[in-house]
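> So TrEMBL says this about it:
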- 21-42: transmembrane segment (TRANSMEM)
- 65-297: domain 'Peptidase S11 D-alanyl-D-alanine carboxypeptidase A N-terminal' (DOMAIN)
- SER95: active site, acyl-ester intermediate (ACT_SITE)
- LYS98: active site, proton acceptor (ACT_SITE)
- SER155: active site (ACT_SITE)
- LYS268: substrate binding site (BINDING)
Amino acid sequence: MAGRRQKKSGGRSYAWRYRGRIVACVFVEVIIICALVIMIGWNKGVKEWFEQFEQPVLKEVDISGINSPNAILMQVRGGKILGEINGEAQIYPASMTKIMTVILGIENFDNLDEKITLTNEMFTGLYEQDATQAGFQPGEEVRVIDLLYGAMLPSGAECCIALADTISGSEADFAELMNKKARKLGMENTHFCDSTGLHNPDHYSTVKDIAVLMKYCIKNDTFREIVETSRHSTGVTNIHPDGITYYSTMFKNLSDPTVTGGKILGGKTGYTSEAGHCLVSFAEIEGREYIFVSAGASGADGNTIPHIQDAVTVYNRVGAAIEAKMNDNNK
């Protein structure tokens, strides 16, 4: 009897050891899974959460004395505003609107090689309003990716309308999608009426809201690739057998993207007589990225491009301020 009881006790001991191994294995697996989730999420929410508490290299930058009556400078990491002039005053965004059109295009097409046929209706009113176009024609079959580049680089209005109509069925419905996105991003003082930015008194924003939008957009790799491109050649179409080559309106007017401590990476210009000359751009300076938005500049001619000059001036001030601070720290 005693021997049998001992055998039974040994079996129970083995069972507990076996269960213990299972529990240990499950625990290790949970730890590994948690670690993977943290690693995967690091470039998403976790990283962004920590960035909120990161101290900026600069507390502020003087952006006074520029051409534009409305301007704002934002550090991308953390969204710290380093300088502003009438940052929350209402402006007409003109073709800066198209960065919203492009990001919604990227987010709403699963296949960017999908082809869209441009209709006569998509060109209605564009000639009368002297809208800038990329060079496509009614009846032309164009890849979505080429429409995205066409909207961003040469500021093609027909590209925007083709994207808007295909996504939402009409430009009016697409404008609702734009406004919904704006509200989601916290763009409290923005209202869109169309995909192009052609003047409408009820189509307005602020330079602060545009900076918030740009901060969101450049998180998207496809958007960054497009906005950082100075020149793009489209694929073959049924009307243009050699495709179309177009150029960035910003880079075309920016003789040298180099600024103190870094360079301007990309941007989108805008202009209407009511909006003045506008620009939303971003630059990398001493390892950090900054967004600068300006609006309402006047006085452009063949030799003077005030909104481009303003961006270069402000980014140079950022670089100079960082260098000065680094030199002080090394003393």
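Cβ from N, Cα, C; glycine included.
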> Neighbour count, 10 Å Cβ-Cβ cut-off, for LYS268 (substrate binding site): what number do you get?
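Its Cβ has 29 other Cβ atoms within 10 Å.
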> Does DSSP put the residue listed as 'active site, acyl-ester intermediate' in a helix, in a strand, or in coil?
helix
